[in-house]
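**Q** Quick one: this structure, given as structure tokens, is what I'll be asking you about.
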Amino acid sequence: VIFVVWMGINIFLFVYYYLFYDQGPQFEYTRELLGSALPWARAPAAVLNFNCMLILLPVCRNLLSLLRGSFICCGRTMRKQLDKNLTFHKLVAYMIALMTAVHTVAHLLNAEWYTNSFQGQYGPLAGNLSMLDDSSELKTTYLNPVRSNSTTPTLLVFTTIAGLTGVVITLALILMITSSMEVIRRSYYEVFWYTHHLFIIFFAGLVFHGAGRIVRSQQVTDPPHNTSFCEDQPENWGKNPECPIPQFAGGFPQTWMWVIGPMIIYLCERLLRFIRYMQPVSYRKIVIRPSKVLELQLVKPGFKMAVGQYVFLNCPAISQLEWHPFTMTSAPEEDFFSVHIRSVGDWTEDLIKMVENLPEGGQGPKMAVDGPFGTASEDVFDYEVSMLVGAGIGVTPFASILKSIWYKFKDSDPKLRTKRIYFYWLCRETYAFEWFADLLQVLEKEMEERGMRDFLTYKLYLTGWDQSHVNHAMVHFDKDTDINTGLKQKTSYGRPNWDKEFEQVRQENPSSVVGTFLCGPQALAKDLEKKCVKYSEVDPRKTKFYFNKENF
């Protein structure tokens, strides 16, 4: 519905302003110079105004967290849309890119046609309109911004406010879009991060872009200039009372009115980030886990979190500008918050190296924290039954959830609605299981002591293995505990058969609403989303699956 409404508004704005500039009588003489390029330039401009207003809102994370909190009474459907903020951000960006291309091409044609009209290539009417000049005696205003035969289309583009700002805006947009490609964002995050800050130049250029008022419309005169009567006799303009010299003026710049609100909201976001940047953060514990994973336990005064939330971390010793998102692995019941950081890029590698080189008992580097921010995993306790699927380091939000469950059982929390949890963890390396195997052991023991073995069903899958792994497992098959994790639940080799897993959950919970939560790759997300649809019953009294995915 949100997509259809957004697309509907875009189509309406395009069609409305296309017809406005294509048929409006005040633009009849302008169309004489520019032809159909006029509406093709102005209609995309209206769509651009609307989308430039929207583009910043999905990345205002504090605003989204505030909205997420205010929709608690409105059901999970609205909150799920907020989790798709980055998808919407990309959609809006694609629309901006498309409309910019159309707008730019149309205005390049306009520059050509303005020049040709001034040179008299399009007939006497276009020539006379181009020769109209500002005159204090006749109080006329010009229509054609080209004022000299020496002015070329290139010169017009690079010497006018509209042209110069247009070039700057377009270059900034091209750099931002190309650096946002998946391959660059994953491999060269710093390139993406710094290039994306060209949005400051983009919006500055946008605000001043319309100040040149290069597209001009006919003004009402006294006596009025009858276009249909006068257009065939330009030699009589100013001589015939019915044909006073037409006057023109550029439209009032409107873009700033569209974007000023979101710009102020985003400025407040950055101000809040700066305030949080200045707040002290201390280390409670630093642990180097297997597979180059760093666990940081941090303490910050007044910090409050919910399960599955994430924070942005900044290490000034590495870069004062870079902020990176990490899901918290601690529970809200603990007096600290923790993150697990895997080495996947320059920033994380530098941080891990700094920590590894610390002297015994030394404090870690200065760290700034922005957040916490809400995610889909916050809703896990709103479901009677939850399926948690983590791939590799994607297990982090579920570590927070599982810890919180342990505390809730320990404190006999009466508000816990969840009756059953299915946890699936997919890893490529055996030593990755060591990150949270101790947590699962504690939970396993807790459930046994309380006679609630069915409450937590967890399955571990090793997706990267060779024959030596299998042979080793076969030799120790009779052991009570798993050779990789030390848990009673044995590790499976390969990937889950999701049809089998969903069918099992549906049979064991014949009348429940099941929340399926994923923190993992997009390919797995598409697969699980299809399974949620496939195994949901049409009858509302039977099992229904709802898919939720973590987005950063």
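Backbone N, Cα and C atoms are what each Cβ position is placed from, and that goes for glycine too.
What TrEMBL records for 5-21, 41-67, 88-109, 155-179, 191-211 is transmembrane segment. Annotated domain 'FAD-binding FR-type' per TrEMBL: 273-379, in sequence order.
Give me the local environment of each listed feature.
**A** Long-range contacts of the transmembrane segment (41-67) within the same chain, counting only residues at least 6 positions beyond its ends with a Cβ under 8 Å from a Cβ of the stretch, are 6, 9-10, 13-18, 20-21, 82, 85-86, 88-89, 92-93, 95-96, 99-100, 102-103, 106-107, 110, 199, 203, 206, 215, 254-255, 258-259, 261-263, 265-266, 269, 272, 371-374.
Remote same-chain residues near the transmembrane segment (155-179) are listed as 93, 96-97, 100, 104, 107-108, 111, 114-115, 145-146, 185, 191-192, 195-196, 198-199, 201-202, 205-206, 208-214 (criterion: CB distance under 8 Å, separation of at least six residues from the stretch ends).
With a cut-off of 8 Å between Cβ atoms, the residues of this chain six or more beyond the transmembrane segment (191-211) that come close are 52, 56, 161-162, 165-166, 168-169, 172-173, 175-176, 179-180, 184-185, 251, 253-256, 259, 263, 321-322.
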**Q** Could you give me three numbers for the domain 'FAD-binding FR-type' (273-379), the DSSP helix, strand and coil residue counts?
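**A** DSSP classes over the domain 'FAD-binding FR-type' (273-379) add up to 21 helix, 37 strand, 49 coil.
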**Q** Take the transmembrane segment (5-21) and find every residue of the same chain, 6 or more past its ends, with a Cβ under 8 Å from one of its Cβ atoms.
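**A** Result: 27, 31, 38-40, 42-47, 50-51, 54, 88, 91, 95.
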